[in-house]
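Peer 1: Can you keep this structure in mind? I'll have questions shortly.
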Amino acid sequence: MVRPRHQETSVTRLPQGLFAILPAVFAMALTDAIIKNWSAGISLWQIWVLRSALVLPVLFVMARGRVRVARAGWVGLRCLALIGMYLTMYPALPLIDMALAGAAFYTAPLFIAGLSALVLGQRIAGRQWLAILVGFAGLLLIVRPFGLAFTPIVLLPVAAAFCYACAAILTRAHCMEVPPAVMGFWLNVAFLGFGGVAAALLQAGVTLPDVDFPFLLAPWQSMSLADWGTLAVLAVLMIGISVGVATAYKSPQPAVIAALEYCYMIFACFWGFVFFAEVPDVWTVIGTALIAASGCTVLLMPNGRLRHPSRTWASDAPPALAE
């Protein structure tokens, strides 16, 4: 029997998605560890400018020069959401453990579920709302807002998760026809633009009073040969993440792909130990487990009836569409 073309494509794309997302998530955690390790000697803006300068020609070739998009406005909004994600995630990395930052960040699927009800008109089942509450209970165990050790810095990855969720819904709802290399190209154009403007302002002496984030406010630094090697590694990782994640979410079952993204928290613990000898405490481990369980429940549980059938629910939208 001849299999219908669309069915054959779906069967083929799911394994491709599985094999694309795991290396991409592994590379995400490694990238975050490298940037955390490097943050004492170089600013985020310098990393953005130099890394994007290396990556853009490669992505242009991968896109075969066809980087014009029909839905430029939606692609632009996606870029802004991801810029916001990095501006809230990366400044936190030098100040808190990777396991803590990763667990707080992976509340993104819970935000996606909530946004799907508000933006996509989805009726969320009672069990899914219960799972969301369990996930945020896990977040409270990690953050411990009323404890003596609480630091507001840990809320930055939560803000990053919200930005990530916005980018995910935009990607699934409006950017599915945009090739991965093209989305990566325009995101790097945004990195280059924002990074260049910020670096120029800092070089001109513009500062923010009462703000203590050296990773954001450090001036442009001279770079050693080892620094250039690190930058080249980041550029390669970024290309792999860009194409890997965008390819993975072309899968016919993005909820399965999204659930596998929770492997990031395992990889973050691994790289946190390798680079910084970080070992999460018992409350962080318990909270992380609750967040992962609730997120997978929200993503994989059959969704309710759509009020707008032509639109896609959160489980069909990636909780993470990376660079």
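All residue numbers here begin at 1 and follow the chain in the order shown.
Cβ coordinates are placed from backbone N, Cα and C, and glycine is handled just like the others.
Okay, these came from TrEMBL:
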DOMAIN    17-143  domain 'EamA'
TRANSMEM  12-30  transmembrane segment
TRANSMEM  42-63  transmembrane segment
TRANSMEM  75-93  transmembrane segment
TRANSMEM  99-120  transmembrane segment
TRANSMEM  129-147  transmembrane segment
TRANSMEM  153-173  transmembrane segment
TRANSMEM  185-208  transmembrane segment
TRANSMEM  228-249  transmembrane segment
TRANSMEM  256-276  transmembrane segment
TRANSMEM  282-301  transmembrane segment
Peer 1: Average the pLDDT scores across the domain 'EamA' (17-143) and report the rounded value.
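Peer 2: So the average pLDDT across the domain 'EamA' (17-143) works out to 86.
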Peer 1: Mind tallying the domain 'EamA' (17-143) by DSSP state, helix then strand then coil?
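Peer 2: Counting residues by DSSP class gives 100 helix, 1 strand, 26 coil.
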Peer 1: Give residue numbers and ranges for long-range contacts of the transmembrane segment (42-63): same chain, 6 or more residues beyond its ends, CB-CB under 8 A.
Peer 2: 35, 86, 90-91, 179, 181-182, 184-185, 188-189, 191-192, 194-196, 198-199, 202, 214-221, 223, 227, 231-232, 234-235, 238-239, 242-243
Peer 1: May I ask which of the stretches 75-93, 153-173, 185-208, 228-249, 282-301 has the most CB pairs under 8 A with the transmembrane segment (129-147)?
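Peer 2: Most contacts with the transmembrane segment (129-147): 282-301.
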Peer 1: Counting CB pairs under 8 Å, which listed stretch among 75-93, 185-208, 228-249, 282-301 touches the transmembrane segment (99-120) the most?
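Peer 2: Most contacts with the transmembrane segment (99-120): 282-301.
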Peer 1: Would you kindly list the residues that approach the transmembrane segment (282-301) from elsewhere in its chain, counting only those six or more residues past its ends and only Cβ-Cβ distances under 8 Å?
Peer 2: 97, 99-100, 102-103, 106-110, 112-113, 125, 127-128, 131-132, 134-135, 137-142, 144, 255-256, 258-259, 262, 265, 314-315, 319
Peer 1: Given a Cβ distance threshold of under 8 angstroms, which distant residues of the chain, six or more beyond its ends, lie next to the transmembrane segment (75-93)?
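Peer 2: Beyond its ends, the transmembrane segment (75-93) has Cβ neighbours at 32, 35-36, 39, 44, 69, 101, 105, 153-154, 156-157, 159-160, 163-164, 166-167, 170-171, 174-175, 178, 182-183, 186-187, 189-191, 194, 213, 215-216, 321, 323.
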Peer 1: If we skip the immediate neighbours and take only residues 6+ beyond the ends of the transmembrane segment (228-249), which ones have a Cβ under 8 Å from one of its Cβ atoms?
Peer 2: 16-18, 20-21, 23-24, 27-28, 30-31, 34-35, 38, 47, 50-51, 54-55, 58-59, 62, 171-172, 180-181, 183-184, 187-188, 257, 318, 320-323
